[in-house]
Amino acid sequence: MAIEEKRAWIMAVVTIVAYGTYLALVLNAAAGAPLGEAPYVYAMLWTIGGAIVAAILLNILAAIVSPRDGGKKDQRDKEINRLGEHIGQSFVILGAVLALLFAITGLAAFWIANVIYLAFVLSSILGSIAKIVAYRRGFQSW
Amino acid sequence: MVKATSITNTIRGLRFAHGEMTQAALADRVGVTRQTIIAIEQGRYSPSLEVAFQIARVFNRPLDDVFQYPAAQATEEETS
């Protein structure tokens, strides 16, 4: 497996675990009360921070256990990376537009923060899936 | 589903004809990863023209001997 494919797997798994943890924490904290009033800030900051640290550590580990790859990146890796980023980026834009609408219509900060977080999560997961599929199934640059 | 490339190649045969050159050795000579050589051999990736020429140069063959674009498929693509 190419080192870049391993990185895509790491990103997908870390994002899913972090967001799953966040949802569990917030839903638990809401405990039947309206979701918009649930405390979410610490859970959000900790899961985002934790995901960044976990991704860095796992990437270092992946580089250590696969010394033959040596982090080498060629033309195909760059093209696949570009494809994944391109697909992921559309969700960031969608999240930003929704956050804009939420702010204009005066929705609570909870919903604005959460729609942005969800957009980052979807961007990361779908971008990673696109990369993994490109590595597994094949990828043509036209 | 990813559209398969119409370009075929004879890299696998050429490697064996050149002292059973490994995919890793070819990858090193061309400056790409072994996974990219595997993907090219299996038709999962069409390399850039530059990489294609580099591969042909390793085998000391013209580009047409390494990569082929079958006429039947090419005509079909042009008319569709």
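Each Cβ is built from the backbone N, Cα and C atoms, and glycine gets one as well.
Sequence-distant contacts of the transmembrane segment (A:9-31) (same chain, six or more residues past either end, CB-CB distance under 8 Å): 37-40, 43-44, 47-48, 50-51, 54-55, 58-59, 62, 117-118, 121, 124-125, 127-129, 132. Annotated transmembrane segment per TrEMBL: A:9-31 (among others), in sequence order.
For A:43-66 (among others), the entry in TrEMBL reads transmembrane segment.
Same-chain neighbours of the transmembrane segment (A:87-109): 36, 115-116, 118-120, 122-124, 126-128, 130, counting only residues six or more beyond its ends whose CB sits under 8 Å from a CB of the stretch. Taken from TrEMBL, the feature transmembrane segment applies to A:87-109 (among others).
Annotated transmembrane segment per TrEMBL: A:115-134 (among others), in sequence order. Remote same-chain residues near the transmembrane segment (A:115-134) are listed as 4-5, 8-9, 11-12, 15-16, 19, 22, 44, 48, 80-81, 83-85, 87-92, 94-96, 98-99, 102 (criterion: CB distance under 8 Å, separation of at least six residues from the stretch ends).
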